[in-house]
Amino acid sequence: MAEVEAGAALELRGLPPEIPDELITLYFENHRRSGGGLLLSWQRLGCGGVLIFQDPADAKRVLAQAEHRLHGVRLSLRPAPPRAPERVLLQHLPPGTSPLSLEQHVQALLGAAGHPVQTCHALASPRQDCALVQLSTPLSEAEVSALAEQARNLPLNGATVSLAWVPQTRAVRVVDSASPVDLLLLELYLENERRSGGGPLEGLRSLPGQLGTVISFQQWQVAERVLKQKHWLQGIELSLVPHYDVLEPEALAEGVSGRDHSATQESGVIGHAPTGTGGLAGALTMAVGSGEAPQQLGTLLRAGPVGAPGQALPVDSGSIRIQGSMGSTSPVDPVESSTELPEQVGPMASDSVGVQEQEGLGEVATGQEGLMGLVGTAMESVETGLESPGYGEMQKQEGLVEMVMSVEPGAVRYLQLYYEDLLASLEDVALFPLEGTDVTGFRLCGARAPCQAAQELLQSLLGSISCHTLNMKHPGSARFLLGVEGQHLLHRLEAQFQCVFGTEHLASATLDIDPERTDPTEALQVLHGHITGIDQESLRLEDVRELLATLESPHGGEDRVPLEMEKEKPGGPGETVVEQQEEIPTLEAEEEPVALSTGARGQLEEEATLQLAIHRSLESQSQVADQQEANALRRAMALSLLEAEEALDEDTGGEAQLVVHTSFEQDVDELNQALSNALEAHLREETVSLQGRMLPPELGARLERCHDVSATLRGDRVVLRGFGVQPARAARHLAALLVDPWDQNLTFPLEASKPNLSEQGLKEPLGRLEALEENSQEFQDVVRAFYSTLDAVHGRIRIVRVERVSHPLLQQQYQLHRERLMQSCQQRPVEQVLYHGTSESAVLDICAHGFNRSFCGRNGTLYGQGVYFAKRASLSVLDRYSPPNAEGYKAVFVAQVLTGDYGQGSRGLKAPPLRVSGQVLRYDSAVDCLQQPRIFVIFHDTQALPTHLITCKNILPGTP
């Protein structure tokens, strides 16, 4: 369908199998009956299919028509997803066809159609005579048509098999699950875009006979996105495959498609309706029993003060369904699931059990006595697998339901703060706030009618709340606002402007470091000793000058006026002469000394400087060498810290964002200005003198990102502004970086966005290559390890040469990074020898600057936007990763890589994945698979050290 005009394809659902294809085409080509027009094609898929109109306007009219009926059956239509180019459907398979036979048959069809043989995979199917085959290379619509023609001519085990294209799927199916997956937990997980890549669901149902669980999404893009990721839930890896109704057994498919999608479902069926307004994701309705009368539910809202003893909420198994904000539902098959409902709906107080011992109740903010907060989320409650001891008694009761409304965290707090009395007045409904990282909102328990009325009331209240995003212009605002002082500031503004601030978006703008750890820049304070040494040099120059003046005085040292005393006298040289005249009667006797103390001062200064220079030239040269080495080490450490602590500008584009919920009447500009003024009052400044040296722009930019400060150049000084201790830390860091002058002709070592290597670019200190002798032990070790990981391509790769990569500065930074990981990392080993294939043009850059992300990572971003390394060289020698040059030579680096603790990688990552949901601590690297990782992705430039460069080439067939 890539050639089909946009909007011309419609998806047809609810089609009984007895309606022939000819009737379908005639009906939708009849302009008077259906509003349609000429059809290009009709692709039938089970109890539905895809209509492709020649004119998109015809498809638009068909959609606009209120109803379509054939043989008394109401048909459902909606825009169709585009064709899936890497997927084909095979139907009319003979019984007992194995997946291997099916894959071999598809490969035979590809060969017969003139296509190169490619890897294909037959996916698990609930129906034996239909199967879906996933291809490794996409096919065009014309190529699929040619393949379908070959399928009619080439039988499979004596049976004629039909082949057809399928659209992108809207549904996925969970198969091969080792243990049953909790359906409510699965639903919440797949609705969470951050956790699973999913989104709003259209329905969720279990197929009979352990054929799998079908999850339908409202958007096909979401389903396809979910299929591209790996999924883990409760320690179990989920196996997800595309799902179409045509793959289901005929009786089941007819039952699903034949129902009226607008009808109310029976108890025990789960489905989804479109998302409502006001930030609601829908309401979950559960028909359950209860041990108390509905009138007693209101007592939950009037429970005792904060911290009063509570009672854990047990879990019960019951019938589940999803109800939209307008009450519409979608029918699907019965399933079983679990959720929470209080065993006893009454006062939550308990004399014998304290609130600290209860797993499900917690404290709420001051002034929220009417609302009992839940610790964790609905997902956490389900994961605990609690069982209700009162289940049998509850089954005797009828008419009570439970609803879960998904609401943004800021909106929940706003309702709790400013509508407390109104919420507490709901007599017949128990209202529980859900405040967690995955699900936030309200749980309503009670009779159906009061719960629906309470739901409508909450929707109305949510409609009166406006949500705005405020951008923080000051560096370090996110870190400050998440601290104690920042929280106090936000609370004061909330009380002043009747609003609620949400800090959930601030965590991504802060550094992924532990804020409680020791300041790493304290080690750089050795610079103070260097400054003291300069002062001592100045004092020694004064001593030499005094000694020379004393030796040249005709009256000796006792009559000589010290130079310091002359400077301290208020008068000029004239006053000095008058005092000497009063003490000594003979003026002529004093004229010569006076002339010596004034006219010869410049000569005396020159002699003192010369004598000091002669003296210093006689000192040991080792002291100078030691000082230079210490300065180099100090600056190398500062550079390493600058890279290791670089701020991760992910999700917010490097700018912190604060979410605010308030009423529509509130002036948001006034609120934003008040917040900006309050932040200005907490800013601190530090000044660092450049001492006549230049500050490279790249250095200043990295320093700002590293310490969350702003650096402004004012004459010969740099003014650092930020919050808390950050300006002081940045000042220490900058002082260490300015120990020696920067060579302005060299690119900044950590900034290689525009690499510019001259002829001496591979000389020290940037890096150099040194060829290894083939008979050396080092050469043999590198070659042996390389060949042992080539796997199937072992006999097709020949090594041309091996070179050692030397880069002292990068090695120092790497060692510092390694020592830091050795102390904090739990995974062992921390360090691994990996391979990195690259192009010829990138070799010089890597040798000079290491594995910098600005010119690495161009070949793939499937597991993150970092630098990729392979555990086995067989992956690195592929032409995709190490393209050969004009002479056929390929470049593969051997590298020591600090993989540390690694997490699951995913597309779009600009930093390692978070360790724990809701915290800012991250893993050290990302991998393709947690169980057996083959690919590692790093995000710090000092995390990998190139040790050897292997130049190799492919051996052509027949080459000796």
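Using N, Cα and C of the backbone, Cβ positions are placed for all residues, glycine too.
Taken from Swiss-Prot, the feature ADP-ribosyl glutamic acid applies to E103, E831, supported by similarity to another entry. Residues annotated as compositional bias 'Polar residues' in Swiss-Prot: 325-341. Sequence annotations record features per position, and here Swiss-Prot assigns phosphoserine to S381, S388, S617 based on similarity to another entry. Under the heading compositional bias 'Basic and acidic residues', Swiss-Prot lists 555-570. Swiss-Prot lists 604-621 with the feature motif 'Ubiquitin-interacting'. Taken from Swiss-Prot, the feature region 'Myc binding' covers 649-856. Taken from Swiss-Prot, the feature domain 'PARP catalytic' covers 755-960. Residues annotated as motif 'PIP-box' in Swiss-Prot, with similarity to another entry given as evidence: 780-787.
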Return the residues near E103 (ADP-ribosyl glutamic acid) by Cβ distance under 8 Å, restricted to its own chain and a separation of at least 6 in sequence.
C120, H121, A122, V133
Below 8 Å Cβ to Cβ and six or more residues apart, same chain only. Which residues does that give for E831 (ADP-ribosyl glutamic acid)?
R818, Q896, V897, L898, T899
Look up E831 (ADP-ribosyl glutamic acid) in the DSSP assignment and report helix, strand or coil.
strand
Can you tell me how the residues of the motif 'PIP-box' (780-787) break down into helix, strand and coil by DSSP?
8 helix, 0 strand, 0 coil
What does DSSP assign E103 (ADP-ribosyl glutamic acid), in three states?
helix
